[in-house]
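Listed in TrEMBL for this protein:
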TRANSMEM  116-138  transmembrane segment
TRANSMEM  187-206  transmembrane segment
TRANSMEM  281-302  transmembrane segment
TRANSMEM  322-344  transmembrane segment
TRANSMEM  365-384  transmembrane segment
DOMAIN    390-496  domain 'TMC'
TRANSMEM  399-416  transmembrane segment
TRANSMEM  452-477  transmembrane segment
TRANSMEM  498-523  transmembrane segment
TRANSMEM  572-589  transmembrane segment
Amino acid sequence: FYFLHGFDAEEDLVGSLACMSTKERIKAIQKMPETMRKKREIRNKVLKEISKKSRHRGAQPSCCTQCLQGIAVSFRRFGNTLSDYFHQLRVWHKTLKIIGAEFGTSVLSYFVFLKWLLNFNIFSFLINFSFITIPQFLAAEPNNLSFTGLELFTGAGYFQQTVLYYGFYTNATISKMENGPSYNMQLAYIFTVGIYFVICFLILLLSMAKFFSRNFVNPQAFSVNASKLLCTWDFNITNEKAVKLKQKNLHTQIKEDLTEVSKEVLNFSVSERVLRIGIHLIAWVASLGTAVAACTGVYFLSINNLELFMKGHRNDLQSQTAMLVLPVIVSLLNTFIPFFFSWLGHLENFQTPGQHIYVTITRNIILKMSIVGILCYYWLNVVATSESQCWETLVGQDIYRLVLVDFIFCLLGSFFGEFLRRIIGTTVFVNLGLPEFDIGRNVLDLIYAQTLTWIGILFSPLLPGIQMIAFFIVFFVKKVSLMRNCQPPRKVWRTAQMMTSFILLLFCPSFLGVLSVIGVTVWRLKPSEECGPFRGLPSMYAAVAEWIQILKSYTASKWVVWIYHNLITSELFFFILSSFVLIVTYLYWQIIQGRKTMTKLLREQITN
């Protein structure tokens, strides 16, 4: 009877699947808690049932229909094969699983963020290279400077006359044929950079929304904890290595959840609270004072660096080495001061590792963004008003050197900060043990590097390509250093909101600060007279205004002129748009609050 009942149930299942559409049927079979062999058997039975029904109906498809169906099936199989191939090319996919299993979600969040930035810079490089660099190759003049090798470190010399910098790009309209299509380099340059930053703005907003909904409005947080024990295992896993990796991953997740459940709230006496507050105040005064001192030193050093460059603009070894003084000092400050901040965090003795990481990140972001702010002030108010023939290229070279030296110090930090620390902790001072991976310091290094890349895009369009290569190398260097030199965190804790916090810090103050710098450069500063696509104009934005004046004489382009005057340059439009965004944001906030209340009530009902 049991066998017949199971047979009837399977017949009913096949019949119901045969009545579905192709897309719904595929999803339904994929969601079945069965082995792959069983799923294939069910799929074959469903296909037989469908063909049987079609024969009964007498709806024999025509030759053309059969041919189209065969082509569709072939394309689907080719797409699945291609998808599997690209899935194997994602070399970090397995690495992330291993890191999550061995070191938990806190360390994993750093590598997920690094992978996200790597993909972001690939997208940036493709846009700039396609719309700015490739057209410039058609109008490029031969480079008469000799290549010595020092240019790889200084960014000067031979690279000045290449597509790496703003000053090399032409201000002419590129056309290979007399009556053929033309390419306006001024408009291409400013529109590519402008549209790129708009896309970046939207990507950051959508990413924050996605991670916020996944981590803060998390349905798993309100589910029964026993479900992780009873319903998590994937019975399709048969490979021994995959089984062990899944076991480690599940073990780490359960430890993190148990830490959240058994978290204790410590009660301190009045004297202990006063002492802790005093220690926190002293630590904050020390960290802010260190940041102010570092910014002051960077400002006076940058002024001195410009004077040396203007006095002796030579290509000998001495002047080339002098160019590296500023980026080396800045990288030294950004490398060693965060160690001091980490020591202050240990001295403060926070209750949870999360508090320690977030406070360290806050102090590091104050330090690094202050240094970047001082450098931007130096570039926009000192270099831009200097007697340099092409101040934009000079700024691009400074940013190139900062990015390169920061990358080198990042690699050296993995060697001296983790490898030598492991040697000392295992041979000299055994009580120290293996070091832990410093999440706060490493994340701020990534945000600092990405901020420099965003600022440099206007002055060095290929900078995202350089940063892309740097992030790719950093990913594997940090992975090897983590596996060989570091130990898992002593205090296991769950970091559901970590990725959201990282992108929030990347958006504000990093991205918003970059937008203000780019805005001042485009609207307020006068371009160089002898180089770049905007030479001879009062500002970079003047190229758009001149283009609009030309379009007024064409009847077919009246709608572009109307959009420019009534939308883009209209304060009323942006006021209405901002009001609409605020109203929608408020409505969504109220919806989220209502859903939280409903979720709380449902959770109480489940508990009852």
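Using the three backbone atoms N, Cα and C, a Cβ is placed for every residue, glycine included.
Where the annotation comes from TrEMBL, it is an automatic prediction and has not been curated.
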How about long-range neighbours of the transmembrane segment (498-523): same chain, 6 or more residues beyond its ends, C-beta under 8 Å?
105-106, 109, 112-113, 116, 190, 193, 197, 200-201, 204-205, 207-208, 211-212, 215-216, 358, 361, 365, 369, 372-373, 376, 380, 439, 443, 447, 450-451, 454-455, 458, 539-541
If you count every Cβ pair below 8 Å, which range out of 116-138, 187-206, 322-344, 365-384, 572-589 shares the most with the transmembrane segment (399-416)?
322-344
Residue counts (helix, strand, coil, in that order) that DSSP gives for the domain 'TMC' (390-496):
79 helix, 2 strand, 26 coil
Is it true that the transmembrane segment (452-477) and the transmembrane segment (322-344) have 3 or more CB pairs under 8 Å, sequence gap of 6 or more?
no
